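First comes the structure, then the notes that go with it.
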Amino acid sequence: MAEKRNIFLVGPMGAGKSTIGRQIARQLHLEFYDSDSEIERRTGAEISWVFELEGEEGFRAREEKVIEELTENMGIVLATGGGSVMSKESRNRLSARGVVVYLKTPIEKQLARTQRDKRRPLIAEAEDPRKVLEELAQERDPLYEEIADITVQTDEQSAKFVVNDIIEQLESINGLG
């Protein structure tokens, strides 16, 4: 790669941001970060515990700080948390400091991928996870679209196909690869 440019993955929970991000980083020889994992590393606690103790507002403040710091690096792939786009500052940083890839995933796939994951505080205790995901999509989808340079559907394709599709699009818009 002539120019090391950051790649930021956004999208709802269960879109495959971490899985896809790791594979992109591996193929392009970039460093991979996951904002949720970074928060867990820094706090020494699971996201659900941070949510329980500090509420969503406290968690979002931590997330914003992590995104601010990580986006200052060059040559990284960052999988962001699904709600990271709720912060205007984070949206601005992501847009200004790299290529934003929106992994678009239907509610059905999100449900299938997240139904047994107790580490997702917004749906773990929900009576109706589908309704929660639909409400989150209504609120967040326009924000993902607002900052996306590339949008890729992740519902029916394999991770390998999605990764190759993203890399091809990155090469065409940026000369990456």
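Heads up, the Cβ atoms here are built off N, Cα and C, so glycines get one too.
Owing to the predicted nature of the structure, the values given are computational and were not obtained by experimental measurement.
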Further substrate ligand in Swiss-Prot, beside Asp36, Arg60, Gly82, within candidate set Arg130, Arg140: Arg140
Just checking a number: largest C-alpha distance across Asp36, Arg60, Gly82, Arg140 for the substrate site, rounded to a whole Å. 18
CA pair Arg140 (substrate binding site) / Gly16 (ATP binding site), Å rounded to integer, equals 16
With the substrate site defined by Asp36, Arg60, Gly82, Arg140, which remaining residues of that chain have Cβ atoms positioned within 8 Å of the Cβ centroid? Met13, Glu63, Thr80, Gly81, Gly83, Ser84, Val85, Met86
If one measures from the C-alpha of Lys17 (ATP binding site) to the C-alpha of Gly82 (substrate binding site), what distance in angstrom results, rounded to a whole number? 9
Can you name the residues of this chain that are 6 or more positions from Arg60 (substrate binding site) yet have a C-beta less than 8 Å from its C-beta? Gly83, Met86, Ser87
